[in-house]
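To start, the structure under review is shown below, and the notes come after it.
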Amino acid sequence: MTVATGDLTDGSVGFAGHPQDSYDPEPDHECCERVVINISGLRFETQLKTLSQFPETLLGDPKKRMRYFDPLRNEYFFDRNRPSFDAILYFYQSGGRLRRPVNVPLDIFSEEIRFYELGEEAMEIFREDEGFIKEEERPLPDNEFQKQVWLLFEYPESSGPARIIAIISVTVILISIVSFCLETLPVFRDENEDMHGSGGNYYSYPNSTVRFQKSNTFTDPFFIVETLCIIWFSFEFLVRFLACPSKAVFFTNLMNIIDIVAIIPYFITLGTELAEKTEDGQQGQQAMSLAILRVIRLVRVFRIFKLSRHSKGLQILGQTLNASMRELGLLIFFLFIGVILFSSAVFFAEADERDSQFPSIPDAFWWAVVSMTTVGYGDMVPTTIGGKIVGSLCAIAGVLTIALPVPVIVSNFNYFYHRETEGEEQAQYLQVTSCPKIPSSPDLQKSRSASTLSKSDYMEIQEGVNHSNEDFREKNLKTANCTLGNTNYVNITKMLTDV
């Protein structure tokens, strides 16, 4: 049975059989009072000063806990999970330590934290202890139209049209990458040469089968496909830039930098083509521009990183590499030492061999790297007994060197992967909100008939419940405990789509 009571503003007003919250003017006497809390039939007893350490919580605020006071039994009654209250009470006794009991599920314990109003700090402690991903909130634009556009292009899971735009973006990225790879096939290069015949000028580099045509570029099918892809990339980038809530933060985002890198090579190539059309130019200058174009075209391959915007797998890989930078640095350092040692050793071991494939120590660097990574192309091999011994030691040292930091990197990957997958499954538990039961008028009538309260006491209880209802609703409108969350912020951990 739960009976609510009112807001006691006068210290002289009290309840029969309930000395706990009588607002005695002597603070020492008040702090030593005991409070009995009944959790679904299991009674707990603690001191009032223990609960008053956290006055903003449900049990620490006399006004809030009055709603659950039973004057007949002189105790507070809560029809809640009993095992969870051990940790809740210890939270007050320890001054803020919170640890979930092993026999209490995550969703139930998170709901109890919200019910007893322990606060966001306690919830954050619980999330960190349980390995939850820290919820990162990013502001949304204030303008409603910009907000809808931003959600449409930035968060694919926000709506159905946003998913469609994400699918279009991924398709365009794949088309661009496929086109970039196919245009280097000899069959397409031969077709381009036959198509333009002698009307085109071709330039080649020594020891290279790649030739570049310097005329009729704008009629090339691959150039047309590239232009269409760039139109979409540019449109997407401009829309996201115009709709973003902060222009400064927009350009510091790594994904936006990748978008810029994916677009710029096209316009540089286009400007170079137009410049060569308007000048006679010398062959040396054209060869230099071709060398620049080759580097710029290579940058186009980085468009594949645009897929990480829509892929959780790539994001997990990036987090793993970022967390494993120390181990990767040690791996590179160990390989560097091994390459120097074994390339020097194999050079001197093969120095007396007439047909030695190691004319110098720098030439042996490649062999040492290939051997330590256990690839073994076979393009450079030792022929003497000493050289073969050095090669064997090099391979063994490479296996040991690589094997040492790899488990740490794999462990980091497993951590981020399981944290992401478990975070998705458990995210719904963190969003569960539980509103305390507010006694209704029938409850008051029932308690009135079953108790020995006087009419004046009953009227005070009823008036207090009315004030309590108003305070509770007003607070929850501010904190969004029982309503929708702040619509001007979005949790980015829930706005990812797995491709």
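Counting starts with 1 at the first residue shown.
Cβ atoms here come from the backbone N, Cα and C positions, even for glycine.
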Candidate set ASN38, ASN207, annotation N-linked glycosylation site, source Swiss-Prot, matching residue: ASN207
Among ranges 8-13, 14-19, 284-289, 374-379, whichever one Swiss-Prot labels motif 'Selectivity filter': 374-379
Membrane-side pairing of GLN315 with ALA349, Swiss-Prot annotation: no
Among ranges 1-27, 136-162, 406-432, whichever one Swiss-Prot labels region 'Disordered': 1-27
Region 'S4-S5 linker' per Swiss-Prot - which of 298-311, 312-325, 354-367, 480-493: 312-325
Packing count at CYS244 (S-palmitoyl cysteine) (other Cβ atoms within 10 Å of its Cβ): 21
Rounded mean pLDDT for the residues that make up the region 'Tetramerization domain' (1-125): 78
Whole-number Å value for how far VAL381 (site 'Important for binding with the scorpion mesomartoxin') lies from CYS244 (S-palmitoyl cysteine) (Cα to Cα): 57
Residues of the topological domain 'Extracellular' (348-361) by DSSP state, where helix covers H, G and I: 3 helix, 0 strand, 11 coil
Same-chain residues near the transmembrane segment (161-182), Cβ under 8 Å, at least 6 residues beyond its ends: 151-153, 155, 188, 222, 225-226, 229, 232-233, 236, 297, 300-301, 303-304, 306-307, 309-310, 497, 499
